[in-house]
Amino acid sequence: MSEVETPTAASPTFPVETSHRLDTLHTSSTEQIIKDSENVVHTTLKLPTSTLSREFWMKDERTNNCSLCETEFTLFRRKHHCRICGKIICKYCLKEAPGFIFRLQGSIKVCRPCASILVNNYSRSQLFNHSLNESKNRDLTEQHPFVTLDELNSNDQVLSSFGDLSSTFEMPNNIHPPEVAPMIAIPSSRSNYDSPGWAHHSIFLDWSKRNLDSNVINVEDSESGKYNALTITNSYDAGPSSVSTDYRPVNFGKVPSYSKLRKNKAFSSAKVSDMYLSADERNRLEDFSKGDRGLSFVNLSPNIKATSYDRLSTVINEPFISRSSSLTDERGLADSGNSYHHFSDSDDESLFNDGLGLSFHANSAIIKQRQQNVASIQRYGNESYLSNFLKAFLPKTVCDYLFPSSTIPDGLPALIENFNARVDKVNHPGGTEEPLPYQGKSRASSVVTSSKSTCILPPWILFSDSFNQLVCTFLGKLLFQMLNDEGVDSPMQWVLCLPKILLKMALDLGPDIRSGDDIDVRSYVKIKKIPGGSIQDCFLVNGVLFSKKASSKSMDRSLRRPRIALLTFSLDYACDEQRILSLDLIISQQEEYIINLVNRICMLKPNLVFAQGQIPSIALKYFEEHGVIAFHGLKESVLYDIARCCRADIISSIDKLSLCPRLGTCGRFQLRTYVVDENKGLRKTFAILDRCSERLGCTIVLRGADYNQLSKVKKIVELVVLIAYHIKLECALLRDKFVNMPELFETTYQSLSRKSLPSFASTAADKEKSQNHEKKSLNSDNQSLRPLENENQSVSSTQGSNSPLELINNLPASDDYSSITKALKTRFLTFSPFLSKPLPRLLNQVNYYQFIRNKLLKDVKLHPYSPTGSFVMKQSENDNVEESYEESYKFFCIDERYHFLEKQWTLYYSHSKLMFSPFSSQRIILLYSIINKETSVPCIGPERCLLEFYRETDCTLGQYIEDSCLNTNVSCGGEYCKTNDMLWHYRSYVHGNSRISVFLESFSCPVPGLEEKIIMWSYCKFCKKNTHITVMSEETWKYSFGKYLEFMFYNSQIRDRFEFCDHSVMAQHVHYFGYCNMALRFQRDLIEIFELFVPSVTLRNNPSYIKELKEKEYKRLKGVIEKCLSSVASRINQIKCDWVTDPEKFESCTSEISKFRTLLSSDYTELYSEFDSIYLNSSTSDYLSLNSILRVLQGKMVKWEQRFLDYQRLYLPSYKELSKIAAAQIKKVFLERPLSQTPLDLPETLENTQIDIYPSFKTESTDDQLEKVTQTNVASNKRVAPYADSMANVGSPESDCFSVATSSDIPKANIDFTNDISTQNTFPASPVSNSGFSRQTYPNISQRQGVNMLSHKRKSASTSDRRFVNASSTSGMNMPISSSISAKISSIQNSTKYSPRKPIPAKDVRVSSLVRRFEELSLQLQEKQKRDEELIKARRKRALPVVPSKPVVEVFNDLNEAFDDENSEDENGINDTKENRATESNFSGVDSMSKERENVSSNEDNSPEAFEDIFGILFKNESGLEEQQNLEPSSQMDKEGSKLPTSGPLADKTSVYRILSAFWNEWNSLNPPPFEFPLQPTEHMFSDSNVIIREDEPSSLISFTLSSPDYLSKMVEIEDSMDEALTNQGLQGSTQFKIENLMLKPTGTHLKYQFEEGSARLSCKVFFAEQFSALRRACGCEETFVTSLARCSLWESSGGKSGSAFLKTFDKKYILKVLSRLESDSLLNFAPAYFDYISKVFFHELPTALTKIFGFYRVDIRNPTTGTICKTDIMIMENVFYDECPSRIFDLKGSMRNRHVESTGKVDEVLLDENLVELIYESPIFVSEQLKSLLHSCLWNDTLFLSKLNIMDYSLIVGIDYTKKELYVGIIDFIRTYTWDKKLESWVKEKGLVGRGPEPTIVTPKQYKNRFRKAMDCYILASQDFETGEGFKFCE
């Protein structure tokens, strides 16, 4: 991770901040200083040895002792004089200083104090820098032996280049098409979380202030006009050793190569002229470059380098210097007459511009050069060249106005006359008016209309009227608004006075930023408050004004063009105060020292001396004698202002007097006295240095109020000064962008005129007091301000009654969105009249949700809808109730989101007090990054950066472009980047909903000669065309880079003036800047801002889900009713009276059947009527009440079963009777059959006969099942048993009976039919199933199957059990039979005989062998009968009536006891037999249920003979059969069977198969299929609850337990005891207070509930019952919690790596996670702290992203009948994505090790960290700054809480919905603690014993917390919105 560098500004030249800065202003090499001093007027100091003249030495007779050590001089101790101060010292106090400082060989003698001064002023490197400079210059000269003036000017070459512009240049359409900027991405290996995010070093440039170095330039060659000629530093004149590296914004400390430096303007102007040119050439260059450019709207970039391009600029601009005075009151100014011969008497304010001591009119060299320039232009000025040249750089409107026809006047003078004539008409269309600053007050817009003048007017003048009008109107309204906000009296008078002053100031001021001036113009504008007078007395001073009394009353109070000396050293005589000295000696020495010092100063011939320290009175006396006015005790800042405005050197030490310091000057000096308090008569004197260069600085004087009022005005004016200057630069930018400026000015002015003046009103009394006076002054003021009159009246009239806003200290309420929105739309908040900021995104959202919420409340009749979604109204009350429910739910969702956003807005609003003020618009916050073009991975950032406009964190647009283009090979700063060059990277700035990408590209300048100038053009992305090329003007070069980005982000209305394009210039164009054969591309793209959702405090129920569930349940239960009653109808229809022989019974049987049909019809009507009534009268959310119909249905089915049992007993023969008949027939067959027949032929014959006789009743599924039977049979006899089963199943056709069963969607029971039902590994003997009855008929059966897999021991058995269920319904006695099969019983006997098998030789065999074979068949039938008995028992269970639950409850107060009480039982319970379980059972419901079973069983034939099989009857009385009970193995039987003789078929006898088949068919006709009951063997229902317990849905047991009456009563008891305890403590609170106390209980109650239903044992243990109940009540989900848990299904989410089993409730509201033993222990230990933390979330609004846990339970289900054994720990938590459909889901841990899965595109697929990183490479995820702050706060709080509990391995689940642009987040899996195994693994890996990966796999909780925070902060990025003063701060 790259360290973030905080930029620190280099030591600035201005302003001076420390006491040593004034000294450091002279830290330059003496050699260069002496060279520069040749052009300065020399003093009359006698310097024969270039040191202090002996005239200023102290006389030898003055002292006989050393001035420093007081050592007496002797013959051997000589006197020495300091060559700097002139004191007499001894050799021990003597130091030698390098002589080259004073341009001497060797060294000079100085005293120790002077030597220390030299050391302080000149560092060691600077003392010896002259030698380095000489060698460097020598090297440069060797590289470039000759650089002549002709080469530098190269007029012909440049002019010929411009000659190529004969036609307007247009960029080709295919040149540099704007590619789509790749989106920023997050590096997978690191993040910049530790970055402070403010003012990153790679954004900003250090151009404004730099450290001084030896390579200085002369002020005569500089554009800045700065006060110190010895210390001017240029931006590019430094070599590699002098470039500042402590503040490296773009170049990262790298220096461009010399070849590029040489191309730079400032370098070529300063260094080349000094190093390579002769004195004459330098003078010529200086004379040429001294013109005042002013504010020019031609696209000519000024340059000291004397090209013809610059000459034209000089010609265009110089003649427009007007003779105008400043706004200073001149009545108190008088000429002093102290003028010098080289100064003109002209009052021209441009007299001292640009460092010149001469007037332009007196400079013959300039005039001569100007004539040469005009001649050169005329020489090249043919008609086509001149017109096309101007067309290339002037706006089209200007060119059309200048050249109305194709005929261009010959020569420049004619063109100028035409130009001036037209301009004169523009400026004075209807007569004469008082000119505005642009109409004669400013040199930039002044017009010399003399016919003798040959000039070209700058295009700016063409719209000076509209510009002045626009700016004055905008500034006036802005001032009026801000003055009202501050409560300033008489705001309208200020509005009428200040705009003109501010406009003139902005137009005149022009800091030279290239030479080191600050880009903040406020550094050079001082605002002085002088109480008293009137507001109209405010004035502007083009110089400095400061408060200072005169040192002497006799001194002059006014001077013209004084010479000014600035001193910062002390004039006092310094002596050792700790020594005892003679007072007379000290006085004499002091006097002589001061006299000499004053004489030395006066030799410079100053008129004014300003000293920082105190001046001794004797010195003041001598100054007065010399006619010098001296001021002392000046502030350092005042000296700085004087030095800059008057261009004077600050003399910081005595030695500087020997270096010919430069004295400053001004046009006029005066002392003026003002009355500041009329009541007290207080007066104050001010010194005024006026008529200095306008470009260097000025002072605005405020008058007309008291000090407090003026302080408020000063604060406002300081900002408006910057705004006025910014508007000037912005207009230049728009002009360079080819915007139609006159049209823009007109439309903007009209918009401003229509805009009202809302303000934070003052009191009505104040307005009424000042209104009369303001109206009087309106008539005489400027017309541009008159529209403010009506607005002022309207504002004043409304402020007294219903002002839209209060005072600024009484802002509108945070929920008054309409007022806030109106104020933000109507108030002036930006620096520009062309720009309006959008409303804060958060305000738009909360306003929108409030509107929708109110609309729903008004237009929709809502149902009562609690936060949990419990609908109270019944469905029968409203026809459109479903639609109303949906509207209610929609309202709840909107209301919930509205309140959430409202809280965020309130917090945001509280930190945004300056939202309604322009003071909030002084900065912009960006998300900044440097991104690799190829990989899209950011090398720097993304990080939040602050840009303060026109401050040190900002730079100019020109600086940014030049530095970027000159530093293409600079490293990007990325730690892992392989291509470090910035040419392969781009910068990205994200703000609001946009992103600006800045690309650096290679580019060949299309116009030769413009490579060294910044050219501009743009490309429309929609029109696919380029605009014309233009050269960047100087004003555009100074435009703020931060404001340029803001302009691109916010402006979308301004269009260019080209006909082919009507799109927004700033928003929809790609902007190009070319410089040095490089192009910088600015491209704006829109980004998607996602809405962020954290887990809500309250849960909700979507009525559509509830409605869907209820509808499904209604249809399912209706099908159950239909199926059960259909089974009764089928039984009734199959009843026959054929076996009834008694006529009396026959009639009663017929009447009984008729009665059955009547009762069935009555049951149909009753059940459906009751069911529909339950459905209609229950609430929409209550679908469990529908289960109550099952209890009614179950009772009716029990009655029907009893009726048919009675019917069978009365009218039908028993099984025993039928068996006797069949046995008699079989005996007859065997007695008549010959013994030669092989017994083994019987099964084969039966099998073959089955296939032949019943082909139509064999389905494919039946064949498959039969095949499975032969493969999986586990009976002892592996050959005979299949035959027996086949014979038993032959007569079981399936066509009619399953026509009803196929409509069922209820699964069959999991029944084990083996002998030992307690054994798990059991297999069915005959698993024949019906193909029509499949699991597919029940939609959720597959999900419920998965639940059984929760128990690892039941995984294999569960699958087999399901096969048992289907087999049980289709085998043996329970197989239904159709009437067609019954009809065939008689026909079977008469069917054709079977074909005989191939004859086998007959053998003798005994009758006993034959009997043994039949006995084997009998054994198989007995086994089948046992299985049928088991099924009958299961069926009997279903026939039992529903009884109360009667649970056994155990209460635990000790957590460990509650958690471990079942360990011993768990170990042994699985192997218990059914009998042991029944013996150990202590359930109270056992006796009652046993009695019920006995009652039911008593009605059946349960005697030993009741089920005696046919073979028992057949061989019952035969003797000798007992000996055959021990069967032989099948292999042995095969051997014996092979010996049996075979014979032919029995043609005469009836086969045994026919007899048996007829027997089974008859029996099945007498015993039709069993009834269908509403409950399955795996379903359990009790009479005291509507919840059905399902063995494959563990949540149903939890739901049943929580809804049991006993549990509810215990919760009431706990709450009552809590209330009683609080009452005893004297604490009474609301319901929330009680809930909070329940959650904070130190101990919890743990309950264990045990139920028994039939053979099933059900147990549920509830942990922390009252705490979780209170938590659910706080969330508002307690009422619906039971309903949601009633049904669940297996939830399989692919992609995740947790390996845990999950269940999801049918309503998708809750997730159930199956916990391991270790996780359960962690959860129970973690629970108390969790309740404490979550209570702060509910009741103290603590931000959190933790998903809520609603309960922890242990479920134990054991049912031997179905083979179910399920014991598991279940944690119930909320579903983060409830009612949402995220497109992608991510499980994020902040690690990149093994955090990648292959995406399959499945629903609910969970992806990991690396998948997210791959995604955000292409499409980063942005949220608003406020929501990102919320997420940051949530993650900070949650991770801190979890780390304190030693918890780790938690994840942030993130769902992204690209359709709705929403982001859902929540922390899950936060129950894993840092256990000893993790610690050991971490220690081993830290020691390097195993694993050598890039990052540790096991970390501590603290490390995990930090890594998690950093990663999440990097995954989700924030886009800063509307910045309001203080901004939105992180809530950490």
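Cβ atoms are placed via backbone N, Cα and C, with glycine included.
For C66, C69, C90, C93, the entry in Swiss-Prot reads Zn(2+) 1 binding site, with the evidence type sequence analysis. All protein chains included, C69 (Zn(2+) 1 binding site) registers 14 other Cβ atoms within 10 Å of its own Cβ.
Here Swiss-Prot flags C82, C85, C111, C114 as Zn(2+) 2 binding site, drawing on sequence analysis. Under the DSSP three-state reduction, C111 (Zn(2+) 2 binding site) is assigned to strand. With a cut-off of 8 Å between CB atoms and residues at least 6 apart in sequence, the same chain places S67, L68, C82, I84, C85, K87, I89, C93, L94, K95 near C111 (Zn(2+) 2 binding site), listed in sequence order.
Per Swiss-Prot, the feature compositional bias 'Basic and acidic residues' maps to 765-778.
Under the heading compositional bias 'Polar residues', Swiss-Prot lists 779-804 (among others).
For 1522-1532 (among others), the entry in Swiss-Prot reads compositional bias 'Polar residues'.
Under the heading domain 'PIPK', Swiss-Prot lists 1590-1916, citing sequence analysis as support.
Annotated region 'CCT domain' per Swiss-Prot: 457-721, in sequence order.
As annotated by Swiss-Prot, region 'CCR domain' applies to 910-1231, with the evidence given as similarity to another entry.
Other Cβ atoms within 10 Å of the Cβ of C85 (Zn(2+) 2 binding site) number 27 in total over all chains. When the Cα atoms are compared, C114 (Zn(2+) 2 binding site) and C66 (Zn(2+) 1 binding site) turn out to be 15 Å apart. Put plainly, the binding-site residues C66, C82, C93, C114 were compared by Cβ crowding within 10 Å, and the winner is C82. Taking the centroid of the Cβ atoms of C82, C85, C111, C114 as the Zn(2+) 2 site, the other same-chain residues with Cβ within 8 Å of it are R83, I84, G86, K87, I89, V110, R112, P113, A115, I654. Apart from C66, C69, C90, C93, the residues listed for Zn(2+) 1, the same chain places the Cβ atoms of N65, S67, L68, E70, T71, I89, K91, Y92, L94 within 8 Å of the centroid of those Cβ atoms. In the three-state DSSP assignment, the secondary structure recorded for C82 (Zn(2+) 2 binding site) is coil. Around C90 (Zn(2+) 1 binding site), the same-chain residues at least 6 positions away in sequence with a Cβ under 8 Å from its Cβ are C66, L68, C69, T71, F73, R77, R78, K79, H80.
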